[in-house]
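Visitor: Supplied in structure tokens, the structure appears directly below.
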């Protein structure tokens, strides 16, 4: 396809604006001297921005922002398209092509494309991808912290909804039941504005990629139709070249002669492959005349090079102290530790070297990045006597609390509490006297068993009827009343903790206790209704309290939705009640059968069958209360504002 | 010997649960007790408390107890009494006193424990506690002038005393069980080894009006939270205020006594189990916790209000000039005060709004 071009005027001179053949630059050639060279050439990398006049504008202009490296301000070039008939089309074509090329240049590709490009242009590619990924990473990390970007990122939201089924259910359900006056986009933005942290976490999670791994050991041939097939992805090839630069060398030297497919086929069957994987080379392996030359390649020189790179501070340099090498003479080291027997157990060496290489690219975990990089700091920290340093200073922020007395003399401002009023009616001296006299009744020789007033022989019934008004301290009635209060507290606590512990407890025989007697279906509906109602309540409050007059209609529609939510809750309660009635019926029938069979009557406690409207109402009581509060506030505001209450 | 001996000592640590230290804070506001005397006189309450203490000590030989009185203007230890300041060590510096080396008796202000007469029918440790507690309490009340009575009680001071006592006891117990190793090691060993002591605090509260001690009490609550010391509260009478939050934050038990005459039953059933046993029992603590805070300007209890983002102080309405009352920062308000129908006058933007009540109770 011919590179797009169009006749455009630049700086009041007619000419042609065209994209170059290789797509790497845009040039403008003036028309006046025919056949002249382009007067203005803009290479793509320096173009930062493109602007075009909208389609409604009769004038068609294209503005290109270019910032040459080394200059701090971008310069603009304005081209107005002069073609009589196809100005708009030309401009559009140019703009599309330009923006596409700029896009590809900016994003760069993570993979090298084809291995053939890997050799020569790997250096250039690496730099380009590093720059672009650097820019990308910065742009992305900005996006993570920019709330508005997260809220607009529809893709991210969709993937989060797919990953989190309960969230998607809530979203769909609320979307389905929302009032018509609220547009979908409004609703969506409201929905996500309270869940920005979820979006952020999801974005960061998605951005994590798998780290480098030992690629050679993961490549295994599959047998299909008696043929051995092997498939490698581009990413794996890239990793192979990274981890074994030897293969890179081999490839570069041999591929122009050999076909690429043949090269890889031979490689994976050769001894070289086995050696790099670390497996032992037996005599049964096929020999390969080209690849076996590289078997002699000594890995040691490379490792020595790496060691020289990592400077070991003298203070902890163990190898520097070679004279103390006890294994020189005497005990021969273990089979795996002997320096000459690489060929026997090559896998250990290979794996270790490979892991070291992979890890050297990963950011170190135990190094504090805020410390300066110099080695002296590290060794100094290792040498320093930590015990003598004293306590680390605490990071405390001083709050300037003005006028602390505010906190201490509030009694006078707020008025006296009921207790204080009662106390004020008492005479302090008399009070003290009475208390002291009371205390004198208990002395160190008091027999406690009589002092506590517990009479183990008394009949409980006597206490109740004989002296109902004033049981003494420690009487049976008071003790039993105390016991019953405690037991009710305990059972209330137990009911609270049931759903938490019941799933893990081995004593749960029926699942109904965790859902308080409701069937799973009803429970699901209930939780869904609750989630959507909470969502609408949130929406209502944010609209109501915002003071925005434009959202007034929204608020009124939300009130309608809330009443519909109430109806939904009632519907669920009715269903639950029907279910419970069914259960009661069944029990009744069973009892009847039992009676018919054996003639014995069995008492059934119908109250103990849990579930039904009672459970639903109990579970959702706070939500119902919240809806009531919202309605009340709204009606109150409505009355104050002079509007009439429409029976909402 | 241990310092020279280089071999490792594997001290056998016992598998039994550690003993527990029960610290009781007794609210001794005379006004409140006088009001309560028709239902539960102080003497009866003390007797019940002593039975409870005896039960706690009977559980385990190594269990300990401490009783602190939270009086109107001060807090004092009732048991164990602080050691008497004897003047024997000053005699060395004044040899001209001659042979007057007698230990001077402490003056009247200090509670002196009378010598313990042996009663064959009374277990000695129980008897000791009974005597000390009653003597100290009597002295405390005797030395209270009528002018010092207030409607409140110094719970914050008592809590601090309790915490210091717990700290002292824990330290003394942990150093006796570990070997003589350098300082850094003992703290490390103390952190990783099982605790030598299970401390807990029980507050018997009869009065309210603690709003002006809000900050100190919250500080002690956070300290107990860090040290995992449960604070149990038996509310016999008086306003709740935020003692519920104390027990909730430290995973203690809060019981409002509906029948004060059955005090012993409440104590024995609800507050006797120690920390190890509580893992297996359902605590009879009150179900709903009143988390509402008091606003800093009027001490009104609020559930929807404004929060300063710097110092987290709560206000019921935006302060004038949008200046926070405690830290003095000038704050921006978010939108608030919208009316639905008519065009609303745009108020200052509000800072933040706490969530409405009821929605977080499920």
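Using N, Cα and C of the backbone, Cβ positions are placed for all residues, glycine too.
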Visitor: Using TrEMBL as the reference, determine which range in A:559-593, A:594-628 is annotated coiled coil.
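Guide: It is A:559-593 that TrEMBL annotates as coiled coil.
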Visitor: Region 'Disordered' per TrEMBL: which of the ranges A:420-449, A:450-479, A:480-509 is that?
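Guide: Checked against TrEMBL: region 'Disordered' maps to A:450-479.
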Visitor: Do you know the DSSP helix, strand and coil residue counts for the domain 'BSD' (A:144-203)?
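Guide: Tallied per class, the domain 'BSD' (A:144-203) gives 49 helix, 0 strand, 11 coil.
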Visitor: Mind tallying the domain 'BSD' (A:224-275) by DSSP state, helix then strand then coil?
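Guide: Each residue of the domain 'BSD' (A:224-275) counted once, the result is 35 helix, 4 strand, 13 coil.
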